[in-house]
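Undergrad: What Swiss-Prot shows for this protein is this:
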type	residues	note
ACT_SITE	R310	active site
BINDING	Q107, H109, E134, H291	Zn(2+) binding site
Amino acid sequence: MQVPLLRLQCGVNSYDWGRVGPESAAAKYAAATAPSDFTIEADKPYAELWMGTHPSLPSKDVETQRTLLDMVQDNLALMSPEVSERYGGKLPFLFKVLSIRKALSIQAHPNKKLAEALHARDPRNYPDDNHKPEMTIAITPFEGLCGFRPLAEIVHFLKAVAPLRYLIGVQTATDFENAVRGFENTEDPEQTKKNKVALRTLFTSLMQSASENIEQAARELVAAAQSSPETFASLVNAPDTNPTNAAELASIIIRLNEQFPNDIGLFVFFFLNFVRLEPGEAMFLKADDIHAYISGDIIECMASSDNVVRAGFTPKFKDVDTLTEMLTYSYAPIDEQKLQPTDYPYTVLNAAAYSSASDSLLYDPPIEEFSVVKTSLRRTGAKATFDPLTGPSILICTGGTGKISVGHKTEEVKEGYVFFVGANAECIIENTGTGSDEENVFTTFKAFCDLTGKEDMANGH
């Protein structure tokens with residue numbers, strides 16, 4: 001019987017927003033197991049490493065050069081019959097590494113019902129009929145926009161950023177302020193519903209702005225950011241609501257305008273939470289959540305779909321009407337968007353791992369398609385033994401050297417190596433590196449689908 005451990009060859013996309021040449025983690029990881037004709041070009045952007053069975057960029061078994069999709073469909077036991085049946089013989093998740101040099105589009109991913117409708121109506125722009133909730137884990141310091149800000153912050157920016165108020169329209173801005181005044185933090189369901197309707201009206205008005213008005217407002221906005229960064233987006237008599245990082249916001253606006261001159265995204269910025277993630281920090285985005293990534297290297301895991309509804313910071317197809325109609329208009333502080341990891345209980349660490357403060361952390365979003373475990377083994381000989389799972393896993397090494405064992409099969413692991421581990425198989429990883437403790441950390445991320453305890457999360461709910 002085949003040992004369910006496959007080393008994978010994974011493709012990398014070269015979108016314009018990717019980090020260039022060897023600066024790109026996605027490129028470095030791809031090069032670790034690349035075809036012989038692949039070399040990293042010094043001036044080419046490398047954006048996304050894809051690990052999975054999605055047909056747009058399918059992973060291959062290094063040994064046989066067969067696609068992973070072929071292999072899991074030929075042998076249902078690799079994913080387990082239950083997972084294979086539930087997800088049509090395809091891996092339920094798409095695992096990625098993103099290397100971001102400049103902003104990705106302001107976007108959201110449709111829920112299952114909308115995805116089916118969009119795919120039927122416009123399969124060229126919406127190639128999948130699946131939803132796409134996704135989780136982001138920072139490898140390097142990350143900047144992004146995620147979800148609508150608390151309403152009080154939006155009200156502040158409407159007053160403090162004159163070009164924003166001009167672009168939306170004074171009357172529309174005033175109507176919003178009047179609608180939410182005194183109810184910005186309400187927990188009453190009916191009032192919250194009214195707040196969301198008001199936010200939808202305001203945001204839709206912004207997104208439907210005429211291009212000549214956007215251009216004029218953008219010039220004024222950037223001029224303000226350049227001339228007075230310390231008081232940017234601030235009011236004289238509003239110490240409680242003024243941003244604590246005015247100069248940082250000004251510099252980001254200037255940077256975004258250099259990347260996408262006079263773009264509507266410069267104004268969407270004031271509606272969305274600005275987030276920084278340090279390595280190991282994470283956030284989870286439900287389907288229909290608005291977001292944009294600005295910079296950094298990240299691990300990303302999502303339901304297997306490539307659907308994106310875009311409306312800013314992009315030269316690609318923009319679908320403003322669909323975006324403004326599909327959003328939930330939920331609003332919350334950024335801390336509520338972050339996902340806190342917990343100790344993963346199904347790993348056994350050996351003595352060398354325990355004594356070196358090695359750990360396995362679980363990032364477990366409230367959906368059935370995937371979870372991710374980050375394991376850091378901080379000493380030579382440190383070992384982690386993972387209990388068998390009832391579904392498939394994909395593991396990538398992002399630092400250090402080690403080995404991976406499943407059954408009687410053992411493979412060496414280096415930075416960028418990617419492996420598929422089949423269902424119901426015990427998996428052992430071990431640090432085989434050398435050097436001091438700080439330098440000698442063997443780090444892996446493992447995405448997996450285990451339906452145990454998640455049977456009720458039908459369709460991600």
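A Cβ is built for glycine as well, from the same backbone N, Cα and C atoms used for every other residue.
Help me picture where these features are in the structure shown.
TA: The C-beta environment of R310 (active site), restricted to residues of the same chain at least 6 apart in sequence and closer than 8 Å, consists of S105, I106, Q107, K316, F317, K318, D319, L323.
The Cβ of Q107 (Zn(2+) binding site) has 23 other Cβ atoms within 10 Å, all protein chains considered.
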Undergrad: So if I draw a 10 Å sphere around the Cβ of E134 (Zn(2+) binding site), how many other Cβ atoms end up inside it?
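TA: Within a 10 Å radius of the Cβ of E134 (Zn(2+) binding site) lie 25 other Cβ atoms.
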Undergrad: Could you say which of the binding-site residues H109, H291 has its Cβ with the most other Cβ atoms inside 10 Å?
TA: H109
Undergrad: For H109 (Zn(2+) binding site), which of the three DSSP-derived states applies: helix, strand, or coil?
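TA: For H109 (Zn(2+) binding site) - judged by DSSP and reduced to three states - the answer is coil.
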